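Undergrad: Annotation comment: TrEMBL describes Ser33, Gly34, Gly35, Gly36, Asp37, Ser38 as ATP binding site. Taken from TrEMBL, the feature domain 'tRNA(Ile)-lysidine/2-thiocytidine synthase N-terminal' covers 29-206.
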Amino acid sequence: MDPRAASADAELAEALRAGLSDALPPRLGIAVSGGGDSLALLYLLHGVCAAAGTYLASVTVDHGLRPEAAAEADLVARHAAELGIPHETLKWRGWGGQGNLQNAAREARYTLMAEWAARGNLPVVALGHTADDQAETVLMRLARRAGVDGLSAMAPQSTRHGVTWLRPLLAVRREALRDYLRRRALDWVEDPSNDDLQYTRIQTRQALAAFEPLGIDADALADVARNMAVAREALEEQTDCTARRILRLDAGAVVLDADAFHSQPEEIRRRLMVRALGWITGNPYPPRRAPVAALIAGLAQGQAGTLDGCQTLLRRGEIWVFREYNAVRDRVAPADHLWDGRWRAVPPDTFPDGAELRALGPDGLLQCPDWRETGRPRAMLLSTPAIWQGENLLAAPLAGMGQKWHVQLERGAGWINSAPLSH
């Protein structure tokens, strides 16, 4: 091999090892579309995994949106077979023609791949995102006036659908990967949508090329993302420390010391509120900055508010953040099922026939004469889980009715580190 080519390969291998950071897991998955980035990652990881004794399996998602998709998946399968790597093609046919196609396809892709990873006992899946992808993400989020979290762009490692997603090539340029494939005479797929200006990312890609003479290139923007990630880590640590000091959990609600909350810097207040909302609802997408700021400003004036399926109010020097009754009033689940994604009933013996979990609501609260003794706000209790049999209220444990019944929260208190903060 030409010395310059050997040197370039060595640099790529070193960048990959740095991107992997921690030791490889015993079993690793890789998502391969057939494009140059993911195909190069397949070949690079093959060498690294073989040396480390790591089992490697590959997957391709055929979205069924282009006639070439099946042939592209077959191309990936052939590459994988040549390397002795197991491969599976997953098919998505769920596009109904409504909404944002790219978002729907992305959500479906991650869901399908997560299910594939679970079936194959693959706790970690590698993705082929590059420094160019990172730069484009930063620029798009800058256009949306993103803050520190948004400008941190894609994390080298993230968790979604119970899978750890690894992006070991975030420091590597797209063209370097294509050069790697050219040196090996390996064919890859060029998605025609990469030239379609109806997509924001493609518009951003072309705009980025125009910025390069000013020094605003993919490397510079990827550095911005890394710098923002460092700043985010510091802010998250401060948020964690503040939460431990001024926050408590009560029956699925988040309760904060009002004076201590309002004395925090603006960004810490925002993070505490967004995490509280995310923990309560389980929504993976946090609300935008403006409505969160308005909610907090209202609380400073003693005003109650609602946002993202939650309600807030000021009571006896404390801010209560809890599920909004209107968000759950129509949710019904069999009594032995999970309700609202986080509550489970525990009966004194067995579940009565026809028993259901529903929100307590105003009619139910009227049947709970001791609710004031709980010390919880009336508005908060309306949205709490109750056990019903038809129109007959069997128990409302959080409102002090039906003491032999219990309801338990299926969502742990680790919300400080897990709730989304991407805006």
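Numbers here mean position along the shown chain, with the first residue as 1.
Placed from the backbone N, Cα and C atoms, the Cβ positions cover glycine too.
For each feature listed, report its degree of burial, its nearest neighbours and the pertinent distances within the displayed model.
TA: For Gly35 (ATP binding site), the number of other Cβ atoms no farther than 10 Å from its own Cβ, over all displayed protein chains, is 19.
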Undergrad: Compute the mean position of the Cβ atoms of Ser33, Gly34, Gly35, Gly36, Asp37, Ser38, which form the recorded ATP site, and then list in sequence order the other residues of that chain whose Cβ is within 8 Å of it.
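TA: Here the non-site neighbours turn out to be Val32, Leu39, Ala40, Gly128, Trp188, Val189.
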Undergrad: What number of additional C-beta atoms lies within 10 angstroms of the C-beta atom of Gly36 (ATP binding site)?
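TA: The Cβ of Gly36 (ATP binding site) has 23 Cβ neighbours within 10 Å.
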Undergrad: Would you mind pulling the DSSP three-state label for Gly34 (ATP binding site)?
TA: coil
